[in-house]
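K.L.:
Encoded as structure tokens, here's the structure I'll be asking about.
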Amino acid sequence: MELYFVKLWGTNLMNVPIRGHLFFPKKLNESGSLVNSWYFENLTVPPVRRFYIMRRKICLDPRTARTFLRWLSSFACRPGPDGSLWQNKQTRSLKNKINTGKSRRQPCPAVLDHFDQQYSEELGDLWASARAVLLDPPSWQYGVMLNCFSSVTDITQILLSQGFSSLLPQTDVSELLPNNDSAVSNSPRHEGKDTLSPHFSKRPPGNVGLLPYITSHAFSQAHQSERPPKFPPSSLQCYIHPHPLRFPSQAHRPGQLKQYYLLNAASLLPVLALQVRDGDKVLDLCSAPGGKAVAIMQSATPALLCCNEPDPHRRDWLAKTLESFLPPSLSSRVMVSAQDGRFAGQSEAGFYDKVLVDAPCSNDRSWLHSSDKLRGQQRLEDRARLPELQTQLLRSAISAVRPGGVVVYSTCTLSSLENCAVVEAVLKDFPDAEVENLWEEIALPLSKYFAVISLPGQKQTEPKPSLHPVIGSASTSHHKLGILVLPQPGRTWGPMFLSRIRKKG
């Protein structure tokens with residue numbers, strides 16, 4: 001039997017065979033492209049305008065066709081004037097959905113000049129390589145975090161067939177399902193009166209010195225008898241690809257749970273550092289757009305997760321994210337609040353076991369590509385004011401956590417003024433709080449995937465960072481304020497700073 005192996009705009013959509021005749025072409029142009037409708041066993045395939053095909057005989061697997069069609073059917077399309085199937089104008093083209101990176105965005109000169117001046121001083125020689133990554137969006141890698149509350153078997157098969165691999169060792173995610181329910185990818189939502197979210201509760205608003213990172217290769221050379229410690233098994237499922245292949249995003253569909261969340265994989269590190277356990281009371285102080293809140297619920301079953309966002313537009317975004325990923329059965333555990341995060345420590349002093357402060361920051365990836373000069377200048381002015389806000393938020397978070405509880409502070413900027421300087425300033429006001437070591441817990445076990453440097457403090461004199469391995473036990477004495485994931489060629493994750501602070505009990 002002659003079959004066709006499907007290719008989409010030159011990229012393999014699935015490296016698996018399709019059972020039966022995928023389509024019965026009515027007309028092929030000179031390049032072998034289909035220019036009108038096609039069928040799979042009399043079923044119209046809706047999601048693409050055309051396929052580039054290779055004719056060849058391949059082995060059959062009865063299970064792959066169903067998986068293939070179910071995945072393709074998630075893309076909205078409409079009939080074209082020639083009978084072909086065109087992508088709906090309200091969504092991005094499928095060519096852009098499976099994006100291997102071809103277009104370039106122009107950087108804002110004012111922001112780039114500012115970054116060059118600040119980061120060349122703070123990062124030394126490492127800034128050149130980080131700069132090259134930030135200026136090259138097509139090189140950025142993306143992670144795919146699976147939703148344990150949805151059926152993801154078919155997505156996992158597709159990811160593995162595309163060359164994705166799991167970032168973290170896995171545990172049984174069935175323990176996270178409330179009341180031992182099975183996956184609910186298509187479970188209907190309960191209707192509610194709260195416009196913020198149909199099933200999540202609403203709460204009323206309230207008034208450098210640098211240590212070089214360790215590559216797995218360099219580490220093995222420097223420590224012939226040692227291996228990087230392994231990261232403990234996690235129920236959090238995230239798949240990453242060694243190349244900048246971006247998996248297509250899924251549209252929000254009321255009443256259905258999404259199967260996965262696309263993200264910069266480094267943004268999961270603050271959640272891992274938070275170490276949420278079943279039964280914890282957790283505050284996500286700056287929660288929108290909600291990716292970290294979703295990751296928290298993939299990691300454990302807290303007694304309470306309060307997702308706080310004072311801005312109405314971003315709060316609506318947050319509510320939609322929660323609705324897209326969490327089942328109605330979690331409505332008693334997850335709530336959305338609208339209070340000013342700077343005052344949470346006053347209104348809820350000592351209430352929470354864990355607090356995440358993913359603070360508003362000068363997002364280096366986004367700000368570097370500001371749309372125009374005026375926009376860039378405005379952002380630079382905002383950048384100068386951010387450390388004061390971040391300091392207030394972190395103070396509030398430490399006040400809101402109980403004695404013995406944990407606060408994780410994180411940003412997505414390289415700026416030391418928004419990272420270790422904020423932590424250092426706040427610690428002076430809380431003698432009962434101390435920074436914990438994330439180097440051996442997170443940086444070393446994940447050094448295969450992330451380029452990490454350690455930030456000991458603003459006033460300490462340290463050598464400029466380099467790409468040589470750390471020898472001996474030097475790393476254990478340089479964890480004082482936090483770790484920073486630095487974008488590097490081939491490992492383009494970040495920037496992501498994180499610091500874990502424990503309130504002494």
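Positions of Cβ are set from backbone N, Cα and C atoms, glycine also.
For Cys412, the entry in TrEMBL reads active site, nucleophile. The S-adenosyl-L-methionine binding site annotation in TrEMBL covers Cys286, Ser287, Ala288, Pro289, Gly290, Gly291, Lys292, Glu309, Asp340, Asp358. If you look up TrEMBL, you'll see 178-187 marked as compositional bias 'Polar residues'. Annotated domain 'SAM-dependent MTase RsmB/NOP-type' per TrEMBL: 184-504, in sequence order. What TrEMBL lists as region 'Disordered' is 178-205.
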K.L.:
If you count the C-beta atoms lying within 10 Å of each candidate's C-beta, which of the recorded positions Cys286, Ala288, Lys292, Asp340, Cys412 ends up with the smallest number?
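P.N.:
Checked Cys286, Ala288, Lys292, Asp340, Cys412; of these recorded positions, fewest Cβ neighbours within 10 Å: Asp340.
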K.L.:
What whole-number distance in angstrom separates the two most remote CA atoms of the S-adenosyl-L-methionine-binding residues Cys286, Ser287, Ala288, Pro289, Gly290, Gly291, Lys292, Glu309, Asp340, Asp358?
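P.N.:
Across Cys286, Ser287, Ala288, Pro289, Gly290, Gly291, Lys292, Glu309, Asp340, Asp358, the two farthest Cα atoms sit 20 Å apart.
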K.L.:
Who sits close to Gly290 (S-adenosyl-L-methionine binding site): which same-chain residues at least 6 apart have their Cβ under 8 Å from its Cβ?
P.N.:
Cys307, Trp317, Leu318, Thr321, Leu322, Phe325
K.L.:
Looking at the domain 'SAM-dependent MTase RsmB/NOP-type' (184-504) alone, can you tell me the average pLDDT?
P.N.:
83
